[in-house]
Each structure stands twice: as C-alpha cells, then as structure tokens.
Amino acid sequence: METTTKGPEASSKEKKTAGKGIIDKAILRDALKGAFTKLHPKVQVRNPVMFVVAVGTVISIYESIKSPSIFTISVTAWLALTVLFANFAEAVAEGRGKAQANTLRSMQTHTDARRIDDKGVETRVSTAELRRGDFVVCEAGDVIPSDGEIVEGVASVDESAITGESAPVIRESGGDRSAVTGGTLVLSDRIVVEITAEKGKTFLDRMISLVEGASRQKTPNEIALTILLAALTIIFIPVTVTLYSFASFGHATVSVVVLVALTVCLIPTTIGALLSAIGIAGMDRLVQKNVLATSGRAVEAAGDVSTLLLDKTGTITLGNRMAANFYPMDGVDEQELALAAQLSSLADSTPEGRSIVVLAKEKFGIRGQTMGDNHIFVPFSAYTRMSGVDIGDRMVRKGATEAVKAFAVSRGGTVTPQVDQLSDRVSSHGGTPLLVLDGNRILGVIELKDTVKDGIKERFAQLRAMGIRTVMITGDNPITAAAIAAEAGVDSFLAEATPERKMELIISEQAGGKLVAMTGDGTNDAPALAKADVGVAMNSGTNAAKEAGNMVDLDSNPTKLIDIVEIGKQLLITRGALTTFSIANDVAKYFAIIPALFVARFPGLKALNIMALHSPTSAVLSAVIFNAIIIIVLIPLALRGVRFKPASASHLLRRNVMIYGVGGLILPFIGIKLIDLILVFTRLY
Amino acid sequence: MNIALTILALLIVLGISWRYLGSYLEAVFEGRVKFLSFIERRFYKLLGVDPEAEQSWQSYARSLIIFSVLSIAFCYGILRLQAHLPLNQSHLPGVPPALAWNTAVSFITNTNWQNYAGETTMTYLSQMMALVVPQFTSAAVGIAAAIALSRGFSRKLSKTIGNFWVDITRVIIYVLLPVAFIAAIVFMGQGAVQTFSHSVTIRNAATGFKQTIPLGPVASLETIKQFGTNGGGYFNANGAHPFEDPTAMTAFLSVVLLLAIPVSLTYTFGKMIKRKRTGLLLLATMAFFFFVSLGVATVAEKAPSPVMSAATHGQVVHAFEGKESRFGIFDSVLYDVASTQTSTGSINSQLDSYSPVGGAVALGGMMLGEVSPGGVGSGLYTILAFAIVTVFIAGLMVGRTPEFLGKKIQAKEIKLASIAVLIMPIVVLVATAIAVSVPAGRAGPLNAGPHGFSEILYAITSQGNNNGSAFGGLSGNTAFYNIIGGVVMLLGRFGVMIPVLALSGSLAAAPIVGETDGTLKTDSFLFGSLLVGVIVIVGALSFFPVLSLGPIAEALSHGRLF
C-alpha cells in the first residue's frame, strides 16, 4: 500500500515543471520588494495574526526609542523581521503565479481581428472592439482573437501557449471539439469563429487573474482557519496584557518590549505568516499540472471528494478497443468468419476496424483483399449501429449484437440462441462483441477488447484507502462493464450511462452526504458538471462544458482527476500541519520567556529554565529570533505542500501528528537553545 | 488498600450509573418516560407552554435567559426581604445588596460561591427557596443546554433544538427530584439533620463552655448540592460539617452523587447521536484528567511538607492541617478533587491548607475548562466545544474539510466553539487583573506574596468557571468582590452557554455528511490523545504565566515541587 505508483502521465508532468524549482532569482528579487510594499496597513489588516505583530513592532519601536539598549533594539529588529518574513512568504507565492501570468499575458494578441458581417464582408477591427456574437475569420498563421465556437470549417490549431503541448490539435465546427481559445494559433485551413467572450473576460484573462492571485478570495476553510487563528491571537492579548498587572502585584517588573515579544511568540505567527502562501501555492500546483480552477473553493472541495465518477474510456482504459478473437457459430469455419470480418472492415478507418483487419492477417494470413469497384462501403451510423460492405447483392455487416440480429431477421435469417451465448461470453470477459453477418447468416462474433491502463488498479486501491469510492461510467452493457470494473478494481460502475443517469447518480450520492467529482467534455455533460462538487471540463471539450465545470484540464486528461484530489488534500493537510506546528511551538517559548521574566523576583523559577538559557535577555531574544526564522525556514514547505502519501485518515493523522505535533513540540527547544548558544558565542550577551 | 478499594467501588457504582442513568436521561429527554406526565402537563399549563412545540436555538436561548434572569431576581428578592418573611427563627436581618447580588447570581449560575456563612446569614426560608430551589433549576438549565447541543449533532436539516421549558421540567421531575429525595433520606438515616427547629445550645459540664449549634433543613440541601454539582453548603464549613456529611458512607455517596450526572451524560450523548463509542471517548478523556488530578493531589498531600519536615528534623509528618480528620487524607483528597473537578465546589477539607501542588490541582481542573468531568451539562458541552476545535485542526491534517460526527466544521462552528472555549480564560484573566490592580481587590487576600496572589486567582477562577469551591484566605464578602464575582459568574456561565446553543442551532441545520475511510475517526485513542492535548495546551497557554506567579512560584520557593 505504501508504494507510490505514479500514473503514466506523472513522469511527463514532472519534466515540464522540473526546470522551475521552488524559487528562482527573479521571483526572489520581486518578493523582497513585495515584503516592504506589503507593509501598508491596508494589506496588513487582512491578516489578523500578522497585524498584531505589526502593531507590537510599532509599540516596541516606540519603547526602544524611549529607552534604547542593545536588547530592546535587537528584539524590535527581529519583530520587524517577523512581519517582513511573513510578507515575503506571501510575495514569493504570488511571484510564482505572476511569472506564469506574464508568460500568458505575452501571448495576448494585439493584432487585428478579421470580422465578417452577415453578408460576408470582412473588416479589420481591433480585438478590443469584438463583441459576443461577432463572427471572425481565421486562416493559417492567424492568431485567434478571442474565445469562441467554430461555426464553419476545420483547422489544426497550435494550443501550446496554454496547454504546453506542442502537437497541434484539430478543431472543427459541430460536435464536441468546436471550442477555440483566444491567443492560440491557427496552423492550417480556414475557420469562421463566433466570439463567445469579450476582451477582459476570455479564458486567458481569467487564467491570468487566477494565477496572479488578483481575484483570489479566501476559501471557506481558509476563513474558518483564520477565525481560529484570530481566536488564538485574541486570547494571548489578555494573557500578556494582564501579566503586567500581575507582575506589579508580585513586585516584579516587566518591560513592555518583553511583553510584546511574549505576545508575538505566543500568537500563531508561523501559520499566520504562511497561510495565504499555502493557498496561493495550492492553486499554483494545480496550474503546474495544467489544471485551472475557477476558485480556491473548488480546490478545497477536491480534498473532500468521496466519490469519483470516472469515464471508462481514456481514464480507466486506454480507449482503443482492439479485436482479440473470433468466435464462429456452430457450422462456421473460423477462417470464414475472419474473412467476412476483414471484408466488412476494409474501408473502416476506425482503430477498431483496422484492428480487425490486422487480427485476421495475424491469425490466418488473410491479406491482400482489396476493395473492388463493385464494393460499396457502408459506414457506421448511430442509427444502424452497423458498418460493412455491399458487393452486388451480397451484404457483409458487422455491428452491435441487437442491431445485427434485427437486421438478420428482417432479411429472413434465423437467430439461434448461440448468438446470444457467444456475445454474452465476450461481454462477461469485459470485451465488446461485434456480430458478423454475411447476407442473412450470422457467422459469429468478433471480440473487441479494451486494455486497462497500467497501474490504474493500484491507484484505485490507494483511493479506496483514502476513503474515496470510484465509480466507472461507461456506455457499455452491464456485463461488459462489470468485467472491466473488476479488472480495473473500481468500486462500482454505471453501465449504459446516459447524461441523465449520470446526473441521477450524482444527485443520489450527494443526498447521501457525499461530495462528487467528475470529468466531462460534451455539451450534454454540462448539467452534471455543474451539479458535481468538482467538475473538471476537458479543454478539448465544448465551451458549455467549460462554463459548467469549476476546473478545466488543459491537457484534457481525465486521469488527472486523481491528481486534483491529491492536491486538494495536500493543501488542507499543509494548513493543518503548520497550525499544529505553530501551536505546539508555544510550549517551548513559554519555558524560555516565563522564567526569564520573573526569575529576578522569584529565583525559584529558574527551575523552569529547562533549556538552561544563558540569561533572561538572551532567552527572550532567542525565542523571538526562532519565531522569526522558522517562517523563512518553512516557506519551501508551504509552497511545496507537505508530503502526501495516499493513506487512510488514521494513518495520515498519526503521521502528521508525530511530525508536526510532536516535532513542533520538540524542535523549538533545540532551536532556541542553539540560537542562545550562538548569541553567547558571539558575545552579544 | 483502602485507596484501591475506594476507587474500585467508585468505578463500579459510576459504571452502572453511566450505563443506566445515562440511558434513562436519554429516555427522559426524548419524552419516553411518562410516569409523572400528570404533573408535567400541569406545569406546562401553568407556564403556558405547548410541550409539542419545539424551539429554534434563538428561542431556546431566549427562554433560558428569561428564566435565569427571573430566577436571579426572585432569589435576590427573597434574600433582601428575608427579615420580613416567615421561617426566620434566628431573627436574621436582610442580606446586604452586594452579597445578595453575588449569592443570587452564584446559585442561578450553578456556581454556589458563598461569600457568607449560611448558618448566620440565611433564614430557613432563604436556604430553601433562594438556595435549594436554584440548585435544582440551575442544574436543570446546565443539563438542558448540553442536551440541546447533543440534539444539534443528532439532527439533520432541523430548524429546532428542543423545547427549553419541557427539557428543564422533565429533568427536574424525573431525575433531580426523585434521586435527591431518596438520597436525602439515606443522608438523614446516617445523621444529617433535617429540621425546622431552632438551634440548640449545649453546655459542657466539665469546662462550663457553652456552645450554640445551629440546625436546619440540611439533608434536603445536601443531596441536590452534590447531585446537581452545585456545592453550596448549608453551613460555612460545607461538607466538613458532620451535620452535612455525617459518616464515611455519606462522604462516599457524596462523591458518587456529584460524579453521577456529569459522567452519565456522556452515555446519553453517545446514545442520542447513535455512536456510543464517541460517548465513551469523551468519558475516557474526562476520566484521564480526573485520575491525573486525583493522583497528583494524593501524592502531594500524602508527602510531608518541606517546611514541617525541617521543623521536625526529617520525621515524616503528614499534612493533616485542614483535612477531614475523621476520614483521613485520601478520602479528604478524593472528596475535594471530585468536587472541584465537577465544578461542585463543596469541600470537606480546606484547600487553602493544601500543599501548593494540591491546591494547583483544584485550580488546574478549573483552568482546563472544567471537563474532568465538569459540572452537570457544562462539562459535556465544554468538552464538545474543545472537541470541535480539535477536530478542526486534526481534520485538516487528514486532508479534508474537518467534520465531527457527520457535521462539517466551518467558519461559523469554529467561531462559536472558539468563543465557548476562550471566554472563560479571558474573563478570568481580565477580572483577576482588575482585582490585583485596585486597592479594594488588593485588600482581599490574607496572605502576602505568591500565596496571596493564588487566593485572588482562585476566587476569580472558581467563579469564572461556575465552580464555587473556595480556596479560602480571601475576604470575599466585600462590595468589590461581591460585584465583580457576580459579573464573572454571569459571563462564565452564559458567555459559554449562548455560543453553545448557537452552535447547536448551526449544527442541527446542517446535513449529515457520509463517513468514509478518509474521515477522521473521532472515537480512536489517537483522537482522544489529541483532545487531551488541545485541552491542556489551551489551558496551559492561557494560564501558565499566572500559575508561574502563584502556585508555581510558591512551590518552587522550596526548591522542588513535592
């Protein structure tokens, strides 16, 4: 269970992002600047924890001007650094987004668009003038001016700018591949596009503002956590403020600077400083996986998902069904069946058709059948659900069981029970049966088999351990679906799926308190995508689907749903882990500061100085320095997210409590002691 | 041996109570217990309440506040006017305003802090109407709030959380009255007094010494004092007075009575939410704190005090000062620990005479929020508020939006739970700071130095937690301490209860989320440990500085803790 098997696409993804590293120099430079510009009170007040630190710093500055000493000045300096470090963390996270946004922005077109009116008259207008519903012409070499729907023509389009994929894709009018994105380049042919988004509202614009964090709103969970952190901040203000009167009651004196230092050390500054960076970085990790989320809320919801609806084709199976076997009827020679099957597929250019030709060749060496003049190819249609060839009066067909049976009967043939037996046998193995008919005689069955992706079973096992149920969605009949479901190891399946049934499934899961994630690309998927808690639309899909979902996968790879769930979980875990760490840290800080505060008045309290810190001043300063430095140290962790291995909740909890809870309890004892030793060593104290 | 047997007996009796009283309480609140429904119906008619009509949380809270405010006014009135009311055998004057305010608030908030000596201040009528009646009603209010919160967890998409008037009526007539009545008879059998006759005066023939011994309706107060975790004694000496706690058996029974409801409510909760394991987990967490407190206090009190050892040249001397000498050190400690940890606050030995560590145990139990097991109802709803905070942090660490018992914990829930958990420390710290800063407050403690600080801190902490146990050593019956104490008690009671009811409303309205392997298990050992951790850390972080100036500074002045 512990092995982290990566999906087939994971390796290629890593290559894409490997060059970026966590932080590069340009980002660091900008972030340093950002650390100072973010000092603006308007920015600070958004983060209650850091706001208290900022106010404390101002008080401390005032105090150290009033009575300057090395101690007060250095404490004040480190308090100021704490604020700057927090700003820096946020700026670094934003910087990474900005870098991506800049790349995107550079491809926004400034060239003119070729608008055509009802009469087909073409005028050159600037992109800014385009309105929804306008029609534009794009030919080879043109950049598509804005998002739209192809209404006429077919073209190959280079979408590498947004997907990172260099291979051009085909976009054509009608069907599910008609959407084009502004900023992409037409490589061949001519298309007419109906504009669906005005300037400033295009996909690219949305993407830029998202990765930049400009339109970032706090997510529900982030708000809840901010409230908890605010509560943990508010409690420490009376704790330290009242200490002033308690101390004077006990005839002990405490300096304001030390009280400010104590407050700052106790309030959860670590998580407070890194919280927004964690959120931005989570979004960023999605972008690096080439997934765009319309809101941070969707990313969080992904972590909560308990049911995944996965399309069979392309997600669970490779999606190219290949002919695997011929099963002749009694009294029919297998070779005769193969011959007829091959004949019916000669002009069939679908992968299935070609695989039949290849299988016949491999098994019986049948080759060289060529289409004669009298051969009339009958293509597959959704209505007949058959394809084949007419040679004079002779009709050779292959097709879906029911269709071919009906066809045979209509032409006076007989259907023996063996037909159903053979097709059921194929279905029960997870194959798809194709009946072959010559004239009105059913010859037998071709078994088409789909291959389950490598490693997918292990991934589902991991998902199950995480408490996520996988449901395979397929148009196959229940028997075939059951066989593939068993082979792939999904928990359940929906056979003979229609958009309506998919919708029903989502509604029933949600009624049971489950959160559902799904992928989809077609217009008929749109209602389900909108209904699902996490709806990932394929970029290759229609605009309707993209509008309905709350994420878009630029690579159009449905398997990525699993990655999305993991990113969502990782985001929440990182927040929880750093909150725990932050709170656990307080214990050591108390042991550093409290004896330091009162040891002069109550010498017995030196027993609490369990770290044996050098002096009261070095103890306070060490705690403050530790408190500031830990923010910087944890920035990479906040940006990368804590390591996530799919496992059960109990397992994850145990692991994270050990590392961040117990670790967070122990580490500051060591860290503060070390800093104290350094302070003593440098003879500053 | 004695210790082991006592604890074993206690465990057995409480185990039975947990299972059966817990189950009975659930039946009472769900309306399945009906044998006194003719009385019930009369009550509802009198109050003008439709027992079938449920209330939203706002309406529930409004009823609770109205009831409590009227009760305070009622008690205050009786105390002020007692001179002119019947049953004033000793011709006592009316209670002064500040003291009457403090006492009325104290009894209505289930605190039972007493800034007076009962036998010389209160008439029999005041004792019965202004002090015994609230011991029933305030306990009922606390239990009702806990039940309302439990309903928040057990219901889904519900706008209502029960009916306040029905809840308190049922718990009083089906649980509190019958048990207190039967127990009072047992206490009387053991020697607790129950009479309207005047005090008796005896004369020691040998010494010629004359002594007046006050009497009164003691036994009836005594049992509800324990069973409702109230703690307000009839006499100033509280449980150390032989008329209140006549024998070792009543001492044991007292401990059982005061632990019974707080312990059993965890079963009630588990049954209501259909997850008995979760109820057991809450009980285990409470028991952990209880036994740690008991263990530490026993060790601390059994150990010879350093000062006395020095005086007696190392001879082992037990710290018997202030202990209940009839029952010995352990039984004294058990009674006081059980009483302070349940927020009862009755005592049979003087905490002020305890060692610094022994005293800190009582203080620590309160500072941790009174969940060990805490007062009737308040212990359960407070630990549930802590559990919500724990779930939130732990839940994030498993990579999901935190959920507790099928309810998503989001901004609103975490806000209310945080208020419920943090209001007490804030109130206590601020009020203590005021007390040590103003001359009227500084005049209070009898001792100087850290011990004097502990005396003030204890008094405020006890009232802020609605505990009512007294550390002693503080002249509390002053205008300053009476007034600030009343305010602290009100905030400590309703400042927690109202957010708890709001929490119940918010939870009841939410749907129940399905559970998967990815859901945080909230009935595991690990979760229990985290809950303990959060309670300790919140308490320690809030109070470590003040403790270090009080008991810790005092204890360490001897150079060691024990």
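Here the Cβ of each residue, glycine as well, is placed from N, Cα and C on the backbone.
Whatever TrEMBL says is automated annotation, not expert-curated.
Taken from TrEMBL, the feature active site, 4-aspartylphosphate intermediate applies to A:Asp311. When secondary structure is read from DSSP and collapsed to three states, A:Asp311 (active site, 4-aspartylphosphate intermediate) falls in the strand class.
The DSSP secondary structure for A:Asp521 (Mg(2+) binding site) is coil. Cβ neighbour count for A:Asp521 (Mg(2+) binding site) (all protein chains, 10 Å cutoff from its Cβ): 27. TrEMBL lists A:Asp521, A:Asp525 with the feature Mg(2+) binding site.
Residue counts for the domain 'P-type ATPase A' (A:110-212) under DSSP, split into helix (H, G, I), strand (E, B) and coil, are 20 helix, 40 strand, 43 coil. Residues or ranges marked as domain 'P-type ATPase A' in TrEMBL: A:110-212.
Residues annotated as transmembrane segment in TrEMBL: A:48-65 (among others).
The transmembrane segment annotation in TrEMBL covers A:71-89 (among others).
Within its own chain, the transmembrane segment (A:223-246) has Cβ neighbours under 8 Å at 47-49, 52, 254, 259-260, 262-263, 266-268, 271-272, 275, 575, 579, 583, 597, counting only residues six or more beyond its boundaries. Annotated transmembrane segment per TrEMBL: A:223-246 (among others), in sequence order.
Annotated transmembrane segment per TrEMBL: A:252-280 (among others), in sequence order.
Here the transmembrane segment (A:590-613) has long-range neighbours at 243, 247, 250-254, 258, 261-262, 265-266, 619-620, 622-623, 669, 672-673, 676, meaning same-chain residues at least 6 beyond its ends whose C-beta is under 8 angstroms from one of its own. The feature transmembrane segment is assigned by TrEMBL to A:590-613 (among others).
Residues annotated as transmembrane segment in TrEMBL: A:619-639 (among others).
What TrEMBL lists as transmembrane segment is A:659-681 (among others).
For the pair A:Asp525 (Mg(2+) binding site) and A:Asp311 (active site, 4-aspartylphosphate intermediate), the C-alpha distance works out to 11 angstrom. Around the Cβ of A:Asp311 (active site, 4-aspartylphosphate intermediate), the same chain contributes A:Met472, A:Ile473, A:Thr474, A:Thr519, A:Gly520, A:Pro558, each under 8 angstroms and 6 or more positions distant in sequence.
Mean pLDDT across the domain 'P-type ATPase A' (A:110-212) comes to 80 in this model. A Cβ distance under 8 Å defines the sequence-distant neighbours of the transmembrane segment (A:48-65), meaning residues of its chain 6+ beyond its ends; these are 39, 41, 72-73, 75-76, 79-80, 82-83, 86, 226, 229-230, 233, 237, 255-257, 260-261, 263-264, 267-269, 271-273. Counting only same-chain residues 6+ beyond the ends of the transmembrane segment (A:659-681), those with a CB under 8 A from a CB of the stretch are 577-578, 580-585, 587-589, 591-592, 610-614, 618-619, 621-623, 625-626, 629-630, 642. Within 10 Å of the C-beta of A:Asp525 (Mg(2+) binding site) we count 27 further C-beta atoms, all protein chains included.
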